[in-house]
């Protein structure tokens, strides 16, 4: 009798395969169903799942022919492939070729190598380890892509702006910034994105989902990359090293900001003209001007204070008007001319007698050139 691990308690009654979740078992059971309710209205081909029918319909619409770099189409389901060899391998799924089944889930594979790689997603085996930051991967090709983060190699170039990328797939996503194409739309807020991964990350803003948890302090994160950088705050690991001064940083973003301190690029303060190597340095400096301006503004706003009612005024005109309109019951004005080397000043002195018999003087000066 076949036995199953305790965590695989959802068992198919037809073939006795076990699964970790009921939904996976339900999907698997459709393999045994003679009834295929999802029928193509153009060729009468039937499918057990609606998603497979949707893929198949693209064969008729020619939609898949527009996929750049994937000219080889499956005549059965419409799936596109970059290489003819990949299409040939895929066709074995449709021709009844003996498939290798995963013991954990319903997935099946033509080659033992593909099954071996897939099994690592269940066992957690990650045999390919980065020598620089110790991050591990299930496939050697993923390790090769990852190492480019450390080496700075960007072999895939955008033909429009010459920006480089570590993976070819990133170029395709980047190209949408030039075309304006944003096919992935958030159903909650309607915001559109150029890549499906970006949409998935965005949706966590609405759901509050933070699936990545730090095993050291318990803090949760919405992105694996953010968790990886956070863990370095506990371990002290600084894998991103400046090739000029050998200073280490926990993230590539910090290293990029630091590299500007070695470049000729300078950010100038519009107030005093002082130069800074980084924008963050300029922002920190600019706060000193804002604080000074706030202090000066406070001083200016209380520059004129009425001694009779303690009301404050920003300029002498408002102050003088207030005295005449509010406190004066009698005012007489005299003019005094004073001559200096450059011009003549006319000073008007208004002598004010207030309601409580106080006498004050208000002076205004005008220049005659």
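Backbone N, Cα and C define each Cβ position, glycine as well.
The feature domain 'C2H2-type' is assigned by TrEMBL to 10-37 (among others).
Sequence annotations record features per position, and here TrEMBL assigns domain 'C2H2-type' to 38-65 (among others).
Residues or ranges marked as domain 'C2H2-type' by TrEMBL: 72-99 (among others). Confidence in the domain 'C2H2-type' (72-99), given as mean pLDDT, stands at 72.
Look at TrEMBL and you will find 100-127 (among others) tagged as domain 'C2H2-type'.
Among the features that TrEMBL reports, domain 'C2H2-type' is placed at 128-155 (among others). Residues 117, 120-121, 164-167, 228, 237, 239-240, 252 of the same chain lie 6+ residues outside the domain 'C2H2-type' (128-155) yet bring a C-beta within less than 8 angstroms of a C-beta in it.
What TrEMBL records for 156-183 (among others) is domain 'C2H2-type'.
The domain 'C2H2-type' feature in TrEMBL is assigned to 184-211 (among others). Long-range Cβ contacts of the domain 'C2H2-type' (184-211) within its own chain (Cβ-Cβ under 8 Å, at least 6 residues beyond either end) map to 173, 176-177, 220-223.
Within the chain carrying the domain 'C2H2-type' (212-239), a Cβ under 8 angstroms from the stretch's Cβ atoms is held by residues 132-133, 135, 150, 201, 204-205, 248-251, all 6 or more beyond its ends. TrEMBL lists 212-239 (among others) with the feature domain 'C2H2-type'.
The feature domain 'C2H2-type' is assigned by TrEMBL to 240-267 (among others). Below 8 angstroms of C-beta separation, residues 149-150, 229, 232-233, 275-282 of the same chain, each at least six residues beyond the ends of the domain 'C2H2-type' (240-267), sit close to that stretch.
Under the heading domain 'C2H2-type', TrEMBL lists 267-296 (among others).
Residues annotated as domain 'C2H2-type' in TrEMBL: 304-332 (among others).
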